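J.: According to TrEMBL:
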type     : residues : note
COILED   : 147-181  : coiled coil
COMPBIAS : 223-232  : compositional bias 'Polar residues'
COMPBIAS : 233-247  : compositional bias 'Basic and acidic residues'
DOMAIN   : 10-121   : domain 'BART'
REGION   : 217-247  : region 'Disordered'
Amino acid sequence: MAAEEEAEVEWVVDSIAGFLRGPAWSVPILEFMEQKCEVFDDEEESKLSYTEIYQEYQALVEKLIEGYLKEVGISEEKFQEAFSSPLAKTHTSQAILQTVLAAEDFRLFKEMMVQKNIEMQLQAIRIIKERNGVLPDCLTDGSDVFSEIEQQEMKILREVLRKSKEEYEIEQERKRTEEKLIFGIEKKFQNLAELEEHHLRQREDYLKKKRDMLMATKKESRNNVLSPTSTDQKNEELSPKETISEEKQRLLQKRKMLAEKLKEEVINKR
């Protein structure tokens, strides 16, 4: 069983080594280092820009490894086990392993980027000299002596690199300022939206109260109007009855008087 596990680990290590040597890994890693290394120097103090670039590198490494593991069907646990095994060191060069380990070690990452910056500077000097048909002594026999022209070109190159570094830091600061501004605007709009919603709720409550008050007032007014009308109607209904009763009384009185007169006349004639 142990032999089978060892064989599986060896297969995973060989697969990892092939991936790290291949263009799917080396090309994006190299491009990243060449584009970002110009701001790194051998000063002990680490700048804020270093941390930002380091986080970008970690994200790149994680993305590349996740894509590889998904493609070949290797779990992250198997990858960690194989990468930490002694076989990984014998099957893969230290330079390639360094690009992976740097994602977990900032100090190693900084050293790697400083080294790449130095290599880029030397490469630039080599190109300058090759265009003139002469290579500097420091690149051929290890001499540290520069001619006046070489020193001038080195000075120009350093100035270019310094400006590139300053421009990068200015650009990063501009991005941070824009992000803060955008965040502030978004926060402001969010607060305005919340305030507007609060005002709308207050307005709805106010209108509801006014409506209820209006309905109550209308109801009370209607009751006040109906009450006198009902009384008047009742009085009007009773008045004709009272009038008829009086007329009947007068008529009865006349009839009574007439009856008594006729009675008197009849009695007298007899």
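Here the Cβ of each residue, glycine as well, is placed from N, Cα and C on the backbone.
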J.: Counting by DSSP secondary structure, give me helix, strand and coil numbers for the domain 'BART' (10-121).
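T.: Final tally across the stretch: 93 helix, 0 strand, 19 coil.
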J.: Over the coiled coil (147-181), what is the model's average pLDDT?
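T.: Across the coiled coil (147-181), the average pLDDT comes out at 65.
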